[in-house]
Amino acid sequence: MGRTLTSVLVVFISMAGWLGGADTGSISGILGMRDFQSRFADRYNPITNSYSYSAWRQALLTGTVNAGCLFGAMLSSPFTEAIGKKYSIAFFSGCYIIGQILLVTAVPSWVQIMVGKLFTGLTIGALSVLSPGYQSEVAPPQIRGAVVSTYQLFQTCGTLIAACINMGTHKLRKTASWRTSFGINILWGIFLMVGVLFLPESPRYLIYKGRDEEALRIMCQTAELDPESEIIQTNFNTIKSDIEMEMAGGKARWPEVFGKEVRYRTVLGFLTMLLRELIGNNYYFYYATQVFKGTGMTDIFLPAVILGAINFGTTFGALYTIDNLGRRNPLIFGAAFQSICFFIYAAVGDRKLIYKNGTSDHRAGAVMIVFSCLFLFSYCCSWGPMGWVIVGETFPIRYRSKCAAVATSGNWLGNFMVSFFTPFISNSIGFKLGYIYACINMTSAFQIFLMAKETKGLTLEEVNELYESDIKPWDSYKYVRQIESRRIHFSKEEEKREREKSKGYRGQEERFIENADGADNDDSSASSESFASAGAHSRSVFPRRSNVSEESHPTWV
């Protein structure tokens, strides 16, 4: 039951990432569709009979959704505290459907497109807080990192599928080309909204609401252990005592998010999510067409499919690295490697891609594509999914919803900055923008080294203890090793006790059998007149169930 429940949990909750990826992947291709441009672009060239967007129009069409995500992330907190993560996810999934309907029914006014993107952004931002948070609270600690990473995996899958849909619909006549792409996104919203209703609520939220029995049952299902298990009882009592201790201080207020107790973690989460976007992942998707044109490729929809496939395929690597290599090392070394990729990308693009006569160097374009793919491989194995993991597991429960909202808002602020300002900066300095991204990546590596603590394999309560301690981030792996050693010792002791109980039971059973055999021998030598009394004596050898304690014979229930 536990593995089935965890699998279902992964699929349905990670669909929240799919919604965001599908929206991003669809708009990037829709902006290039002929019918959409004829209705919503603000520039027309009669000589070439082509449409284009001004920097302001393109920035508003692509950046508005991220502005909505920024506010949506903050909206998630009051909903979580009122109705829990499960029903909040269902509610915002419905809001996503409404936003996509606004896009499908847009009239020839770009303002409705912008409003639809803003409304959709509100829901994507809220779900980006709720979904990883739900997964972190329900998943067992041994696989929590991999479970939360599936949010990013589904996000990249949604982007890839949307790019493929655009490639298939852009040749449809008139509005069907872009309305179909927007309309299919409605199906993903329905899938998540209905599916999440069949999943359990977070055990920590249930304990917070006083529903202890239901919380205990869910913990047993996900861990595949009995309620009497010492591991389950220890975890349950730890969670309950921590919640009671934190709730004794009353409901957290917004100013407390930056109070002494959690200020460090709030800043860590916000900076990690902000830098997650500023290190340049989305830059490649916004300007992939220009780079691929340098290699001689003319199909404007194919680059998005190629990069989307790489983005999706390499994210599987994170499912291994995050719970085997930990959090710190992949983030630090990933950012350093990405800095090198961006530096080479910028140098080649600035000096070699476009000649003064307007022609392109195909070899330079190929080199840039290679380092774009290497960057995406590193990003998808490190910063892509691990930012969500840090947000999901770092904060104590009393502050969790508010701190996670503030931290996730950093993600959408960074995304908005990249999508809105990149057209203006790129028009001014071209591929030199890559040098800026290279510097940001190096800054990100130092930020993780100085601030983030290793939390691989720890329960959320152990993570809280780690951040409350004076252990330096670069020494935190020692704490993890101590916890792992203690856990292994505890597991061995429990196995030893079980073996001793089993051994004691087998010894009792052997004695019962010997006594029974002795009684049978007495019966065979007894006279027929004493047979009845001998038979009665043989039955009295076996103790009655009421006379055998549960402690001495634990398998009798």
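The backbone N, Cα and C atoms fix where each Cβ goes, glycine too.
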Topological domain name match (Swiss-Prot): Arg351 vs Asn427, membrane: yes
Selected residue, Swiss-Prot feature N-linked glycosylation site, from candidates Asn357, Asn441: Asn357
Considering the transmembrane segment (145-165), which listed stretch of 88-108, 113-133, 180-200, 302-322, 405-425 counts the most C-beta pairs under 8 Å: 302-322
Segment-segment contact (the transmembrane segment (113-133); the transmembrane segment (59-79)) at 3 or more Cβ pairs under 8 Å: yes
Two-stretch contact, the transmembrane segment (433-453) and the transmembrane segment (329-349), at least three Cβ pairs under 8 Å: yes
Stretch among 10-30, 88-108, 180-200, 302-322, 405-425 sharing the most Cβ pairs under 8 Å with the transmembrane segment (59-79): 405-425
Top Cβ-contact partner of the transmembrane segment (302-322) among 10-30, 88-108, 180-200, 405-425 (pairs under 8 Å): 10-30
For the topological domain 'Extracellular' (426-432), the number of residues DSSP places in helix, strand and coil: 7 helix, 0 strand, 0 coil
